[in-house]
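First the structure, in the form of structure tokens, and then the observations on it.
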Amino acid sequence: MIPAIFLMGPTASGKTELAVRLADALPIDIISVDSLLVYRHFDIGSAKPSLALRQQYPHALVDIREPDEPYSAGLFREDALHCIALARERGRIPLLVGGTGLYFRALECGIDTLPPANPALRQSLMALAETAGWPALHQRLATLDPEAAAGIAPHDRQRIQRALEIILGSGQTISGARHWQGTFPGPLYKIILRPPRSWLHQRITQRFDVMLNEGFLDEIADLSARHYAPELPAMRAVGYRQYFTWHDGLCSAAEAYQAALAATRQLAKRQDTWFKRESAHYYLDPSRDDASSLLLQMATRPRQGEVHSIGWDNG
């Protein structure tokens with residue numbers, strides 16, 4: 001059976017560029033693993049591959065939902081498994097590319113089972129958040145379960161609420177309460193991008209400047225005119241959330257810019273923390289000039305489950 005390849009890494013680490021270069025050399029079907037790219041209309045601020053690029057290098061699971069349509073790790077797993085099967089039927093390599101760690105985990109390990117919602121506890125947490133604020137509840141989460149808190153932004157109300165609900169209701173950490181059910185069909189090889197932090201921060205700034213030049217503020221105005229509910233996941237996404245605040249007149253453009261950069265760096269840090277906990281066959285420094293050729297080596301050389309650090313010093 002044709003192996004699937006996971007290409008994982010933090011935001012702005014060059015995943016798309018590397019994926020299309022690999023597609024120039026191998027018969028590859030690119031499958032997006034990104035919880036924001038599934039939504040239509042969120043194009044510039046998400047760094048969604050351009051329509052022209054996607055016409056040349058099709059990306060599955062991009063623009064498959066309206067922003068107010070629900071989507072989840074479970075639905076992603078169903079969609080991705082279907083795309084993988086289609087690629088293999090055509091004799092092509094499924095290349096799954098993205099930075100949404102939970103989607104990768106769900107695809108590889110199946111869907112996690114967690115305790116059901118507790119309405120009374122949820123109401124109590126909501127009331128506490130009204131008075132203390134979500135960052136305070138995030139600090140409480142960090143005390144109870146540092147690992148879970150490290151992967152959740154201080155203003156991510158939905159995930160903070162759910163995490164505290166599980167911990168306080170079950171008396172267990174998230175990892176202790178979580179049980180994954182499922183397996184991945186066929187062989188799988190994982191490649192994790194590990195960029196130098198200074199290089200990644202520079203890329204984040206450069207990419208954000210490009211977004212602004214490409215019309216990100218117009219995109220914010222267009223999305224605001226569509227009157228989507230502010231609590232929708234896409235509306236709370238990094239970059240968008242900060243500029244919706246600006247659009248509503250609650251901060252200056254300079255403040256929104258700095259807040260968006262800081263939030264994007266924090267997102268990259270959380271993603272890096274997640275991927276450090278993942279096992280992989282290969283690790284790659286994408287800042288190297290020969291990163292594309294090294295990736296091709298990783299995708300084609302024989303493997304027997306061994307771990308390689310090609311082009312990356314883990315010392």
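Glycine is no exception: its Cβ is also placed from the backbone N, Cα and C atoms.
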Worksheet entry | Given ranges 63-67, 98-102, 153-157, 158-162, the stretch to which Swiss-Prot attaches the annotation region 'Interaction with substrate tRNA' | 158-162
Discussion item. I'm validating the feature mapping. Which of 34-37, 198-201, 298-301 is tagged region 'Interaction with substrate tRNA' in Swiss-Prot?
Written reply: 34-37
Worksheet, complete the sentence: The answer for the region 'Interaction with substrate tRNA' (34-37), taking Cβ pairs under 8 Å and residues 6+ beyond its ends, is 46, 48, 59, 61-63, 71, 76, 98-100, 102-103, 233-234, 237
Worksheet item: Should LYS15 (ATP binding site) be counted as helix, strand, or coil on the basis of DSSP?
Response: helix
Response to the item:
Model confidence for the region 'Interaction with substrate tRNA' (158-162), as mean pLDDT, reads 88
Item to complete: Excluding THR11, ALA12, SER13, GLY14, LYS15, THR16, please set out which residues of the same chain place their CB within 8 Å of the center of the CB atoms of the substrate site, keeping sequence order.
Response: GLY9, PRO10, GLU17, ALA47, GLY99, LEU193, ARG203, PRO286
Fill in: DSSP-assigned states of the region 'Interaction with substrate tRNA' (34-37) in counts, ordered helix, strand, coil
0 helix, 0 strand, 4 coil
Worksheet, complete the sentence: Reduced to three DSSP states, the region 'Interaction with substrate tRNA' (158-162) has 5 helix, 0 strand, 0 coil
Worksheet entry | Rounded Cα separation (Å) that holds between ARG122 (site 'Interaction with substrate tRNA') and GLY14 (ATP binding site) | 39
